[in-house]
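Structure first, then comments.
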Amino acid sequence: MRLYPLVWLFLAACTAWGYPSSPPVVNTVKGKVLGKYVNLEGFAQPVAVFLGIPFAKPPLGSLRFAPPQPAEPWNFVKNTTSYPPMCSQDAVGGQVLSELFTNRKENIPLQFSEDCLYLNVYTPADLTKNSRLPVMVWIHGGGLVVGGASTYDGQVLSAHENVVVVTIQYRLGIWGFFSTGDEHSQGNWGHLDQVAALHWVQDNIANFGGNPGSVTIFGESAGGFSVSALVLSPLAKNLFHRAISESGVVLTSALITTDSKPIANLIATLSGCKTTTSAVMVHCLRQKTEDELLETSLKLNLFKLDLLGNPKESYPFLPTVIDGVVLPKTPEEILAEKSFNTVPYIVGINKQEFGWIIPTLMGYPLSEGKLDQKTAKSLLWKSYPTLKISEKMIPVVAEKYFGGTDDPAKRKDLFQDLVADVMFGVPSVMVSRSHRDAGAPTFMYEFEYRPSFVSAMRPKTVIGDHGDELFSVFGSPFLKDGASEEETNLSKMVMKYWANFARNGNPNGGGLPHWPEYDQKEGYLKIGASTQAAQRLKDKEVAFWSELRAKEAAEEPSHWKHVEL
């Protein structure tokens, strides 16, 4: 009987420490959801976590290759305490990416389904009060073909910075981006899902303690690309108020096309569908089971370098399309016309974007640690679908990047710099300049740090690889073991910059190294073991590639100018 006082003491302590005695239940427009409280070491106030809230109807049957529809209402308390399935994708690729990028200590068991339009919410708010905290909506990466929301646990960012974190899912691969280039299957379904999730945030986030008038969208890689596309999209107007693109912007040409017909025909053919008309293709593909489409997907060899085929007929990505809806015109035209959502914007890259993870996943033969001139040029041509460097320009590019060395090891490093510049560095600076020139507050960063959590297979020389900043942004040192004080402080600093920006459109604040705005002086922040301002990120590279592309366009008028939209 003597236990009773202890039990009461425990319950009293729980309540005193802000740990409510019953789990959180929140009203959404469609029905009530039940979450759970998680306590983070060092924080009295727990974070309420809701996993797998539906923001659209399952995109099945006739809703495959169709815009997302509103979720059906429910009249019970929906249990949202377990991870939703990730969108259909190659399970091996999805698993690898999740294990490489997660900030969790333990890997979560992954499930995949075509029924995947769910989001997760992490809120530090006292749900009995009317809080209006800044909202940060995360769009995951994975080349628009793999990935999921639950890889990224939002509790640390939420607790440390007192913000509501929402992680969203969107259709991927064939399901998300199949486009016949006409009304039968316009494409960009994945982006329409992202817009639908932002509408859900506007309608519901206030009940989770969030302020729908202060929404920051942020994402990495294809997620950063998606953020950049939403900045340009009229559909997303007023659905967010600031944006952060980490290692990916809409000028990354591998992920965008004006002509989706060839890849649509390829998908239909690989699926055993006739390609006589768009309507026939779409009807046939809608009849396929999820597994059959997955089989087709695997045959496409997405995100792989094709060393054998004709580079002009290789499709390693299922890209976003200029559909006249999500993107009314090409990104270049929208940026030039300054007709986009001029919200405050952080754009950044990592020091070695093509350091290890991307070349490894894509199957680049770089493991020997050296490249001769002939192989380097051949790889540039084989990379045409990703880099879009014409055969004629390869000697010019090779001379510019490798001309000064005969050392095959150095040449390999320079080859990796070249690919990183084309895929990430140059497009990021060009987007930032356009944003700045349209009068919107713009901030740039370059991240250079090797997290302690990365794969042991990765060479020690790779510092600031693609995805390395994720461990800082999502507070890995507070969930995983083994981080140094330096790494822990770096994560605190990055979370503070990101959340300051979410709060007021400027990352600066007390105790942080000053981050200059990206203006005509082109000041930016180098983030790493020592964090300091610098100037003119990649300006020489941008000058070289701009001139080269202009020359290319003059000699060979780009076919997209004549494509009927």
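Including glycine, each Cβ sits where the backbone N, Cα and C put it.
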Which residue in the list Cys14, Cys87 does Swiss-Prot annotate as forming a disulfide bond with Cys116?
Cys87
With reference to Swiss-Prot, which of the candidate residues Cys14, Cys273 participates in the disulphide bond with Cys284?
Cys273
If one looks at the chain holding Cys284 (disulfide bond), which residues at least 6 apart in sequence have a CB under 8 angstroms from its CB?
Ala268, Ser271, Cys273, Lys274
Candidates Asn79, Ser221, Asn489: member of the recorded positions with the richest Cβ shell (10 Å)
Ser221
Around the Cβ of His466 (active site, charge relay system), other Cβ atoms within 10 Å, all chains included, total 29
So, three-state DSSP: helix, strand or coil for Lys382 (N6-succinyllysine)?
helix
Inter-residue C-alpha distance, His466 (active site, charge relay system) and Cys116 (disulfide bond) (nearest angstrom)
26
In Å, rounded, how far does the Cα of Ser221 (active site, acyl-ester intermediate) sit from the Cα of Glu353 (active site, charge relay system)?
10
May I ask which of the recorded positions Asn79, Cys87, Cys116, Glu353, Asn489 is closest to Lys382 (N6-succinyllysine) if we compare their C-alpha atoms?
Glu353
Fewest neighbouring Cβ atoms within 10 Å among the disulfide-bonded residues Cys87, Cys116, Cys273 goes to Cys273
